[in-house]
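Colleague: The structure's right below; bear with me while I get my questions together.
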Amino acid sequence: MNNYQKELKKDQQQLLEKQQPIGSNINHKIELLKSNFNLNKNGNNSPNNTIVTNNTTAINNNKNKKSKSAPLQYTKPSSIITTKPKLNEIETTLTDQASVLKTNVNYLLSGSIAGMISRSATAGFERLTIIQQVQGMVSGGPKYVGCVKALRDMVEKEGFLSLFKGNGANIIKVSPNSGIRFLTYEFCKKYFDDTNHSKDLLIGGATAKLTLPQTMISGGMAGLTSTFLTYPLDVVRIRLSLQGFNPQNEYGKIRYKGVSHGFSQIFKDEGLRGLYKGLGTSVLSVAPWVSISFASYEGLKQLVNKTTKNTDNSALNLLSSSSASSINKGDPIKEEEENLQQKGKDMVVDFTCGAISGAFTMSVCYPLDVLRRRMMIQGMGGNKVLYSNGFDALKLIIKNEGVSALYHGIVPAYFKVVPTVAISFAVYELCKNFMEESKQTT
């Protein structure tokens with residue numbers, strides 16, 4: 001008995017060392033050995049022969065069972081899942097990413113087109129504003145006073161094309177600046193909108209609109225980003241605009257033949273710092289400017305939409321709209337006319353809200369713009385650097401020229417900024433809606 005038990009343990013150990021995957025085969029082997037022992041005890045077959053035979057049988061059975069049952073034993077559930085859903089998920093993800101990219105490109109292009117059109121339409125007022133802001137820094141030469149008279153004098157002394165001096169650089173600067181500004185603004189708006197939506201889902205409420213601080217932060221970030229990325233272009237543009245208005249002074253001499261020559265000459269004379277002169281002051285002026293501009297525009301639009309919605313809910317308007325819809329229903333020509341009329345109304349609203357926003361922003365932020373532009377041109381052509389920073393400029397301007405100097409050029413600035421902002425917002429909304437409609441139809 002002891003020998004058979006030793007053999008039994010030995011066989012069990014051998015089976016374990018072979019790491020048989022199916023535990024039931026070991027039990028089967030044990031049962032065979034037990035039966036051999038019982039048969040031998042009863043005087044039947046020789047124990048050794050029986051063990052060997054049954055060992056062989058057990059091993060063969062084990063192999064057969066292993067080959068048959070192994071696929072079921074070692075098949076992982078995850079491997080049964082087909083790759084089709086994964087491919088669909090990848091395709092959906094790529095489609096979503098392409099859609100987001102296309103939307104961002106639409107924002108960028110819409111903003112660039114809006115900036116190009118709006119600034120070109122007001123180029124004369126732009127140049128006159130710059131000259132009136134900085135002509136207190138120089139002596140001699142023509143003094144442009146007022147708005148209409150100043151424009152007439154400019155044309156008489158420098159020619160009609162003088163109204164567009166620096167406009168090429170202006171477009172080169174404004175197009176990317178405006179595109180980046182609108183793109184950044186929309187990105188920040190979406191971020192805050194998603195944040196508000198997540199919070200409202202947690203409390204079970206409806207999606208909230210952007211708050212005033214969120215809108216102002218979005219506008220401020222848009223102003224900071226666009227200013228930093230396009231600032232050297234603005235420096236070149238300002239200096240090109242000043243050329244010719246005072247040939248007796250270094251600030252008015254013709255020094256730059258164009259945008260590229262302006263870049264190279266400023267870099268040669270003043271180094272890289274020359275292309276970023278006044279950046280700190282510009283950031284302090286542009287960020288609140290853009291912030292207030294976007295916030296006031298969005299606030300005005302919400303007010304107009306709310307008023308329009310309340311008006312449309314009156315009984316008379318409901319009756320007229322229902323009658324019109326019943327008459328025009330199914331008529332594609334009438335529906336297209338109504339669609340065009342609605343787009344026209346929307347554009348008027350965008351233009352009006354933009355104009356009011358521009359006037360309000362100009363009234364609040366104009367002194368900062370004066371400081372910004374004076375910081376940009378100081379040291380130009382080897383002239384003395386008058387101001388060490390924006391605060392020093394503010395103090396010296398008030399001391400030497402009076403508080404009114406902070407508002408020099410504000411009248412032509414109104415003529416420039418109000419239509420510029422109005423056209424910019426109206427064209428941007430028009431281009432954005434057009435591109436979104438085109439994307440949906442494709």
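From the backbone N, Cα and C atoms, a Cβ is placed for every residue, glycine too.
What you are looking at is a predicted structure, and each value in this text was computed from that prediction instead of being measured.
From TrEMBL, here are the annotated features:
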type: REPEAT; residues: 102-191; note: repeat 'Solcar'
type: REPEAT; residues: 210-303; note: repeat 'Solcar'
type: REPEAT; residues: 345-434; note: repeat 'Solcar'
Colleague: Run through the repeat 'Solcar' (210-303) and tell me, per DSSP, how many residues are helix, strand and coil.
Modeller: 73 helix, 0 strand, 21 coil
Colleague: Could you count the residues of the repeat 'Solcar' (102-191) that DSSP puts in helix, in strand and in coil?
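Modeller: Taking each residue of the repeat 'Solcar' (102-191) in turn, the totals are 76 helix, 0 strand, 14 coil.
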Colleague: Could you count the residues of the repeat 'Solcar' (345-434) that DSSP puts in helix, in strand and in coil?
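Modeller: Summed by class, the stretch gives 78 helix, 0 strand, 12 coil.
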